[in-house]
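One structure, as structure tokens, below. Some questions next.
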Amino acid sequence: MGFELDRFDGDVDPDLKCALCHKVLEDPLTTPCGHVFCAGCVLPWVVQEGSCPARCRGRLSAKELNHVLPLKRLILKLDIKCAYATRGCGRVVKLQQLPEHLERCDFAPARCRHAGCGQVLLRRDVEAHMRDACDARPVGRCQEGCGLPLTHGEQRAGGHCCARALRAHNGALQARLGALHKALKKEALRAGKREKSLVAQLAAAQLELQMTALRYQKKFTEYSARLDSLSRCVAAPPGGKGEETKSLTLVLHRDSGSLGFNIIGGRPSVDNHDGSSSEGIFVSKIVDSGPAAKEGGLQIHDRIIEVNGRDLSRATHDQAVEAFKTAKEPIVVQVLRRTPRTKMFTPPSESQLVDTGTQTDITFEHIMALTKMSSPSPPVLDPYLLPEEHPSAHEYYDPNDYIGDIHQEMDREELELEEVDLYRMNSQDKLGLTVCYRTDDEDDIGIYISEIDPNSIAAKDGRIREGDRIIQINGIEVQNREEAVALLTSEENKNFSLLIARPELQLDEGWMDDDRNDFLDDLHMDMLEEQHHQAMQFTASVLQQKKHDEDGGTTDTATILSNQHEKDSGVGRTDESTRNDESSEQENNGDDATASSNPLAGQRKLTCSQDTLGSGDLPFSNESFISADCTDADYLGIPVDECERFRELLELKCQVKSATPYGLYYPSGPLDAGKSDPESVDKELELLNEELRSIELECLSIVRAHKMQQLKEQYRESWMLHNSGFRNYNTSIDVRRHELSDITELPEKSDKDSSSAYNTGESCRSTPLTLEISPDNSLRRAAEGISCPSSEGAVGTTEAYGPASKNLLSITEDPEVGTPTYSPSLKELDPNQPLESKERRASDGSRSPTPSQKLGSAYLPSYHHSPYKHAHIPAHAQHYQSYMQLIQQKSAVEYAQSQMSLVSMCKDLSSPTPSEPRMEWKVKIRSDGTRYITKRPVRDRLLRERALKIREERSGMTTDDDAVSEMKMGRYWSKEERKQHLVKAKEQRRRREFMMQSRLDCLKEQQAADDRKEMNILELSHKKMMKKRNKKIFDNWMTIQELLTHGTKSPDGTRVYNSFLSVTTV
């Protein structure tokens, strides 16, 4: 609405008037047709009518109206009277100054601020009124007892009613309290929303951190794979480059049956005649002070041509091992040794490393050692440390002779360039970049980033990664190390512009953004599944041991070799990682002696081989042993009393009845006797609590096994990483070596790419590898390794397993020497299963059937005398992850859960394993509205459709109430109703448990308060029977069993009645 015309001083131009309200324009708006109206007038009109008020055009919307600023400024310069002119104000001001005048005008209306006085006065008269004339002004406090303020009007009237005043005051306080409560609730609601928002942000940040960790782990895995290819070229240099080689003939003699060196290489198989440049048998390692390390002996990288006249130039790895094993002394070995090129070079006495904060020496051997570094387990990133020193065990060779055309191959890789700007506040701040470079005369003179300080400027920037190559610094192309050192250590520059290059990653990381929440859940479940697999491997070892005890004619090949010197293959056990650089053969003798004297503390040897994806990978050979000085009492960190307690608990609930093919539970003998012991009620209560606890553990284990089965089906492909390591074989007579070729290992879990149970480390400080427990090895498949009742009754037959069986790893333990060995996987036993490796696989001897009723009797004694029990860990054994992971099974509760889960699943294995369910992709919606894709069984959709179809059919069958009754047709329960039933059942079970616990607590309190002597069951029964001794023998509460057991006795023990009891059996 506009301004009134009579308020303006003087005449107003008609063009400044609104055509709707006929007043002076207030905030004028113009239409597209040129008419001008007040904003308060034209907006309601356009919204309601949808046209111009002048009816000059068609449809009009509010968006088409525009402000007329020049006209508005012209109107604001008009003189206008004060709005309170009627109250006595005679001021005339400019329209644009009117709001400021109204705020301080003395004639503006104002209300008295005293409570109870609502008089409206002029602003200039309010203060005088409140001070002198207001009847509601306070003049003191009531002296009659209420103590409330007394107003001037009440004092003039002679006082006030205290009760009425107190009630009014109380009502005012309650109203204020209610307002405060309401405000408090609003603030609490606002704070709760804020807290949820912050928690969500924190969770998102943690999730992003975990995803970043996984992303860098994948990148590190790719770098390790690329460096593996370099190390393979170093181990087997390509020919055809005109290297200088010379042929040498050496004579070796065994020292205690050992030659003291390792070999690698050989043709992949006997049938493969496509010779490649990497064929040949090479010396990979030489033991210090061994026969091969003497003067005039072998050297690393020597190629073995003949052994005692037997040509090994085109032999396989197994043929070379057999040749050294069967060779008679003296052993004449002909080798080809490469000599350095005749050119000038500077030996790398000291390699350079430049860091703007610290300086550390780093050599080419450190870079090559990165191929053996293990990546951290998700989601925790443990930084690895480069070793401080790495002594060279052989003379210097030109690296270009070994690497060959690797630089040209790397040049062909696609590079990703990125420019990074780093700023520091002063010259004392450190960039935190540790760069490394080669100091020998090679072609690659690049500068690489090897480490980033986590608290530095570069780490906070986040764009620079380890392994990046620095191309330019501040626009200057880096040509050599001197330029890089000068530019990075310059104190004048505070701004650094780095141009870095890195290979483009070929990994598809889109799945991580789409399904990262479910994938992180799978990480945790995968760790739990790994623990379950390890527990089930223990159970499998117990069953295999029991089978071996009962099958006298069957002998394990690994058992025959467990106490012989052929473990070192005649070539020598050259891995010093478990013996701290001591002689391998002497320790073998000591192990044999210990094993013969202490069967439970014998040698424990784990040997496995690996199939790699590359057919040109060279096989390595090595062995590792666990010391024989740890007995069964110091192997797993569980106290003796805890083991005994849970052993009894498992005997109570988890033992399998031998005569029952379905494996039903039944209580064992020792605890049955304890249950019937009448000496103490506390004993019965304790046994009852343990029984309830065991039932709860059983339920938890079944639920966990079911969840892991579902997760395994959903994320089958998500956790399988490419493994590009060496195939590793033992040079010992390990005939079980080929039976484990499908045991894969994750690159991030192995410090040396070797598939023996422990690493082929260059020193005893290296971290060993551990076996991968793949998500494909579900609990259901792992349970198939345990003999269950079937029509065949045998373990080794493929008919007992379905086609869904994939990779099953079982461990057997020899009862004489306690040597755990591996039995072959089902992939080898199944003739229909395709083999992915060219390596030949040996069969696993004869097998005998093991019935499932042996599970309970075999499990309990073995668990009691298990060699994996207490944590007295030798110092040299603490370096092995595979050893330590067995040690870390500290909780007997988890062990009991695994066993009970196994027993419960064995019931269903008598029938053939069903094939894998068909899956389909489903789009799911999270609570935050984001979408993700996951796999779901087709069976769920079919069942849902079938349920709907049944419901439709039944709803239209007939109108006869009797025909559609639940007694005849049954009732269909929907999914929601079934969920409600489960909730009710859980609530009822919880109430029953609570009532039982309350009753037991009440009994305990009554017994504690009762000072009389506790009577046993017999005395209570006698007392009950003799209450009515003179009336009748039987009462309503006596049973026939009580009468037969106790007779009719008085409390003093004398027999009162001797009635005749006749029992008729129908």
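Using N, Cα and C of the backbone, Cβ positions are placed for all residues, glycine too.
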Which stretch, out of 81-106, 315-340, 679-704, 887-912, is listed as coiled coil by Swiss-Prot?
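So the range that Swiss-Prot calls coiled coil is 679-704.
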Any idea which of 210-260, 924-974, 975-1025 is down as coiled coil in Swiss-Prot?
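Per Swiss-Prot, the stretch marked coiled coil is 975-1025.
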Name, in the order they occur in the sequence, the residues of the same chain whose CB lies under 8 A from the CB of SER427 (phosphoserine) and which sit 6 or more residues away.
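In sequence order, GLU491, GLU492, LYS494 meet the Cβ cut-off.
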Counting by DSSP secondary structure, give me helix, strand and coil numbers for the domain 'PDZ 2' (419-503).
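The composition, in the requested order, is 13 helix, 31 strand, 41 coil.
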List the helix, strand and coil residue totals of the zinc finger (100-158) as derived from DSSP.
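Per-class counts: 21 helix, 13 strand, 25 coil.
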